[in-house]
Ligand code: HEM
Ligand SMILES: N[C@@H](CC(=O)c1ccccc1NC=O)C(=O)O
């Protein structure tokens, strides 16, 4: 009985005539038909599953980061922060789940690795979309995509043309009267850092951006550790030098000015 409880009356579910089911709603027949190893190697199912899980999370991250960008443009900083909290939680999961793939031995990986070339994580369109949206817009990757569809290429071009998270943050600063030209931006960031009484929301939002940057870098470091464990000094199936190439990418930052700011505080 709801009695005088405030709010809408509670509904008793369970009498909907069986219209919607768990598997139907989640499209499980379609989803579970997608894990199809190419070989008899026992660990290829693990390898495929883990990559598919990454791509599902990448899709969600793109969605939430687009939302955060929109909220920053609209000056709704609380909403952007709410979404960044979710983004960070997912990014921590992405790092944690490397451990699952590391239960595979290199010997077991070698049983199917040769069949993978020339495919590699290089060709993850959503991973590159995340980088572009976050502000790391390296157009050279457009040329390095072999075997991607016209639709995927168009998506990447669109990401290159659209505003980044940093563009959105700059808009949030200027909405509060802080100048954001190349010459003035560092003083504005310093003003935010030193006047928390007036700008704490902008400070916390910059910290959220920095955490997004930091967790992406942590994933890259975790990935290269796994790579060294699995293939040592071998070159990559995608044609790169392997671990040395990946090590070079661990130093990249989405928001270099937020790191540089530390030197001035
Ligand atoms: C046995 C496990 C893995 C190995 C040995 C491995 C190895 C490599 C290597 C060598 C590269 C450089 C490109 C190349 O020449 O092939 C690379 C790139 C990449 N891998 Fe993996 N990888 C593994 C698992 C994963 C997983 C689980 C993901 C998750 C999505 C992933 C995502 C990526 C991405 C996004 C790149 C491009 C990185 C960039 O350009 O900065 N890899 N991987
Ligand atoms: N590049 C890896 C192979 C690999 O990990 C991979 C192969 C196909 C699809 C995704 C992959 N994952 C990350 O690079 C290697 O060189 O062993």
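Yeah, the Cβs are placed from backbone N, Cα and C, and that goes for glycine too.
The feature substrate binding site is assigned by TrEMBL to 47, 48, 49, 50, 51, 113, 237. Long-range Cβ contacts of residue 50 (substrate binding site) within its own chain (separation 6+, distance under 8 Å): 97, 100, 101.
According to DSSP, residue 223 (heme binding site) is assigned to a helical segment. Neighbours of residue 223 (heme binding site), defined as other CB atoms within 10 A of its CB across all chains, total 19. The heme binding site feature in TrEMBL is assigned to 223.
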Point to revise | Of 47, 48, 50, 113, 237, binding-site residues neighbouring ligand 2, Cβ under 6 A | key: 113, 237
**Study point:** Extent of the substrate binding site in Å [max Cα distance among 47, 48, 49, 50, 51, 113, 237]
**Key:** 19
Check your understanding: Which of these binding-site residues (50, 113, 237) have a C-beta closer than 6 Å to some atom of ligand 1?
Key -> 50, 237
Check your understanding: By a simple count, how many Cβ atoms lie within 10 Å of the Cβ of residue 48 (substrate binding site), its own Cβ left out?
Key -> 16
